[in-house]
Number of protein chains: 2
Amino acid sequence: MKRALTVIHALGLLLVVFSLTYLLPLATAFIYGDSAMMTDFALAIMWTAMAGALMWLATRRFKGELSIRHGYLLVATMWAAMPAFATIPLLMLLPGLSFTDAYFETMSGMTTTGATVLVGLDNLPPAINLWRHELNWIGGLGIIVLAVAVLPLLGVGGRQLFKAETPGPMKDSALTPRIADTARNLWVVYVGITLACVGLLKWAGMSWLDAVCHSFSAMGLGGFSTHDASIGWFDSPLIEFILIVFMLIAVLNFATHFLAWHGRTFKVYLRDAEAVGSLVLILTSCLGIAIFLWWQGVYPEFGVALRHATFNLVSIATSSGYASVDYAQWPMFAPMWMMFLTAIAASSGSTGGGIKMMRTLVLVKQAGREFLNLLHPAVVNPMKIGGQVVPNSIVFSVLGFIFLYFMTLATLTFILLISGLDFISSLTAVLASVNNCGPGLGVVGPASNYQGLSDFQTWVCTFGMLIGRLEIFTLLILFTPAFWRR
Amino acid sequence: MKRALTVIHALGLLLVVFSLTYLLPLATAFIYGDSAMMTDFALAIMWTAMAGALMWLATRRFKGELSIRHGYLLVATMWAAMPAFATIPLLMLLPGLSFTDAYFETMSGMTTTGATVLVGLDNLPPAINLWRHELNWIGGLGIIVLAVAVLPLLGVGGRQLFKAETPGPMKDSALTPRIADTARNLWVVYVGITLACVGLLKWAGMSWLDAVCHSFSAMGLGGFSTHDASIGWFDSPLIEFILIVFMLIAVLNFATHFLAWHGRTFKVYLRDAEAVGSLVLILTSCLGIAIFLWWQGVYPEFGVALRHATFNLVSIATSSGYASVDYAQWPMFAPMWMMFLTAIAASSGSTGGGIKMMRTLVLVKQAGREFLNLLHPAVVNPMKIGGQVVPNSIVFSVLGFIFLYFMTLATLTFILLISGLDFISSLTAVLASVNNCGPGLGVVGPASNYQGLSDFQTWVCTFGMLIGRLEIFTLLILFTPAFWRR
Ligand SMILES: [K+]
Ligand SMILES: [K+]
């Protein structure tokens, strides 16, 4: 109980800081001269800051050092509470919107899932659209900091592997200064790359609003768009190409980007086994799917097949979730392969979702090690990734993660099946939620959205996004009796 | 090369022994006065024995001790070659049958998958039907011996866990006498239980032929039937009940049955963590699905729902694959849950397929251990199952297995998708093949069979049955370069 109050104290402060993020849509409303939206966001700032301040003040007696257990509780409640407050502007603008749908939308934004229950995106006020996209962007930054700086300290995530030996922002040290340091370095890299993206998209023909919004959702691998037709609305190979490049940047570890920028060298990417694995997997898949679509006669011209295969595959594999065509109409192998990539292709420390390439590499190596073990039982084969020995404790934690990941997918899919959803929609809605990808297939396919789900089904997907984003362990550990024992 | 020839020498001898299994259908043909079938099986004996003898004689220079590597090669080639020779009577009887379909049928028989490409089972000659069912029965015995006696020596399979401490047939000793000893003990138990099953099924109203055939397929958890309508043909709750009991017996470890018989005690079942896990999981699922079907209004009477849920769920969960109704018509949650159970519910050392309950228990414990580890990083938690400590090397081999299992499922499903099969049929055909269950859903559902597949798709499923039955590692290891290195 005391532990919960200490966490609420910290959470209150975080909410006050979070209320500052409404300043950007407020400024947008001002630029567009939209006084209704200005009031809307001003009220949202007030409510959020006030609630945060109240929480902070009411629990000030319980202020204290944050232990590892506080860390888990804070991370989970933070990611549940911020989207709840983020619904305020949406609910004020759209009185018909239920809290269920609004919370789905903001959770989808902050977890950078990018699934939407709204239609008529093109007609939303600019400030609201910017707000949705800013959630993608903030969520992406939060995830990078979480994955690179916080989770390894809690012991979750494949990246603790690199704790000891990587120079620069990954160096291990005391909790508080380290988070602050790492976060600042990554923040600078993230903002820098985002600005470059805004400039290029504007140059390629987008309006300023669209350029900013899509830069936000591209960097967060969120996949929100200002148009119901997503990127298909622009029908521009140049815009698609720019977005492909930035999605591929965002799907790599931002700590590696920092090292590359800091050392003025590209060699760090070649030394990052995850980066090499992700890029090789994604790019060969693009080529493969392009050939498949051309062979199946979906696009008689190979160039067209390559364009659509590349954009949509990169979008889904990186867990962005933009669409330029209705790829659910392609022969089933193609979209299913894309959904499979979502689960494994993103690097840890990126804004992507799923198992992460690091864990995939550990699994592949472990299977290979077992074969050697069967043939030479007496020989000890230490696992190496990128030249570094991976200790058995890491291998165990990865394997435990994979099991919980599959159990989560299976459980949520069965729950959606019981609720009456068809199998393909259930399976892909869960995959798209837990991997923070966005569009699934069937009822929740790229040409429709999540509006077709019942309230109950919407909550299941909302939970899926949260548990996926928090790397499963971080959320599930709160439900273990051991966590609450002294 | 020399290694392959040594294995061919041993394989030749095995084929000569295998040719003796045709004596049972030969006797059946004699009883029914079917001279055509008598010639058919006499020729089959001749061809198989001759081929075996030739292989044995031609390679007698390479006779030698069998090492672990010889073991892998022998097991894999044995399970590929015996079904190939078993096609002879089928091909002679049905000239229109392709080798692809005949090999699918006999592989399905020997791996106790029980999927069929034949229609008009009711009109097949009794000798042929007995032959198909005998393959189920022999396959089941072969699998038990493989799992309990051979695979642990090769280092594959969760059961090596029990090598050191279990009394009786599991005691570790030198290779050759041990296999022979264990095999004889298990053989006696297997035959004894089968005879009891034959007697009870005859008493419940089956003809002698049907009683023998269904006892064979129940004990092997094969699921072949002499009727296109499977067990639905009898429409007898008593027969269904008897089969349920024997399927539940066959899904437990036969070494435990041996201990129970040897020590005249039922307590050994309570000490077998797998047996408890399997039975609790299956029986609670029966109740759950019965309630679900009743709630959904599929069967307005709860008694009827319970009858059909129990028989069909036990049949699929144990990987038998009998059907008494077309359960593919039930709301999707029910058949999907049944297919999920197939993958995990069978004990090692049973005739069932899939991951096996032992590995499931290791996974669950490992996930729990990770949670403890996150909260108390300094504390070492040894894993215990059924009171015994599980060494880390076993945990690693289980986790390596799980990864290869999922990769196998994914790869084969994608191959079927590329070949143009729809998603549900692809996924469930692969699940049903690799788990040696039999019927899937969609095109390969319980009301139809595998005849609707193209030749290519049939081969994919045939491969799936073999790789699943050989616990994945045993087959895949032959494709690693390290295996063929000196
Ligand atoms: K996304
Ligand atoms: K079967």
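For all residues, glycine too, the Cβ spot is worked out from N, Cα and C.
So that you can see what the record holds, here are the features copied from TrEMBL:
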BINDING   A:Thr112, A:Thr113, A:Leu221, A:Gly222, A:Asn436  K(+) binding site
TRANSMEM  A:39-59  transmembrane segment
TRANSMEM  A:71-94  transmembrane segment
TRANSMEM  A:135-154  transmembrane segment
TRANSMEM  A:187-209  transmembrane segment
TRANSMEM  A:241-261  transmembrane segment
TRANSMEM  A:273-295  transmembrane segment
TRANSMEM  A:336-355  transmembrane segment
TRANSMEM  A:394-418  transmembrane segment
TRANSMEM  A:456-484  transmembrane segment
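Recorded features from TrEMBL, shown on the structure.
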{"residue": "A:Thr112", "record": "K(+) binding site", "DSSP class": "coil"}
{"residue": "A:Leu221", "record": "K(+) binding site", "DSSP class": "coil"}
{"residue": "A:Asn436", "record": "K(+) binding site", "DSSP class": "coil"}
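Same-chain neighbours of the K(+) site beyond A:Thr112, A:Thr113, A:Leu221, A:Gly222, A:Asn436, judged by a C-beta within 8 angstroms of the site's C-beta center, are, in sequence order, A:Ser108, A:Thr111, A:Gly114, A:Asn136, A:Gly139, A:Gly140, A:Gly220, A:Gly223, A:Ser319, A:Ser320, A:Gly321, A:Thr351, A:Gly352, A:Gly353, A:Cys437, A:Gly438. Counted within 10 Å of its Cβ, the other Cβ atoms near A:Thr113 (K(+) binding site) come to 37, all protein chains included. The stretches the transmembrane segment (A:273-295) and the transmembrane segment (A:241-261) meet in space: the count of Cβ pairs below 8 angstroms, excluding pairs fewer than 6 apart in sequence, reaches at least three. If you look at the transmembrane segment (A:456-484), the same-chain residues 6 or more away from its ends with a CB under 8 A from one of its CBs are 69, 72-73, 75-76, 79-80, 100-101, 103-104, 107-108, 111-113, 115, 117, 139, 143, 147, 151, 154, 156-157, 353-354, 400-401, 404-405, 408, 412, 415-416, 419, 421, 429-430, 433-436, 450.
Using a Cβ-Cβ cut-off under 8 Å and counting only residues 6 or more beyond its ends in the same chain, the transmembrane segment (A:241-261) has close neighbours at 140, 144, 148, 159, 166-170, 182, 185-186, 189-190, 192-193, 197, 200-201, 204, 214-215, 218-221, 231, 268-269, 272, 274-275, 278-279, 282, 310-311, 314-315, 317-320, 322, 345-352. Long-range C-beta contacts of A:Gly222 (K(+) binding site), restricted to its own chain and to partners at least six residues apart, with a cutoff below 8 Å, comprise A:Gly109, A:Thr112, A:Thr113, A:Gly114, A:His133, A:Leu135, A:Asn136, A:Trp137, A:Gly139, A:Gly140, A:Phe216, A:Ser320, A:Gly321, A:Thr351, A:Gly438. Outside the transmembrane segment (A:39-59), and at least 6 residues removed from its termini, the chain residues within Cβ reach (under 8 Å) are 5-6, 8-9, 11-20, 22-23, 25-26, 29, 85, 88-89, 92-93, 127, 131.
Fewest Cβ neighbours within 10 Å among the binding-site residues A:Thr112, A:Asn436: that distinction goes to A:Asn436. For A:Leu221 (K(+) binding site), the same-chain residues 6+ apart in sequence whose C-beta sits under 8 angstroms from its C-beta are A:Thr112, A:Gly114, A:Gly140, A:Met247, A:Ala250, A:Val251, A:Thr318, A:Ser319, A:Ser320, A:Ala346, A:Ser350, A:Thr351, A:Gly352, A:Gly353, A:Asn436.
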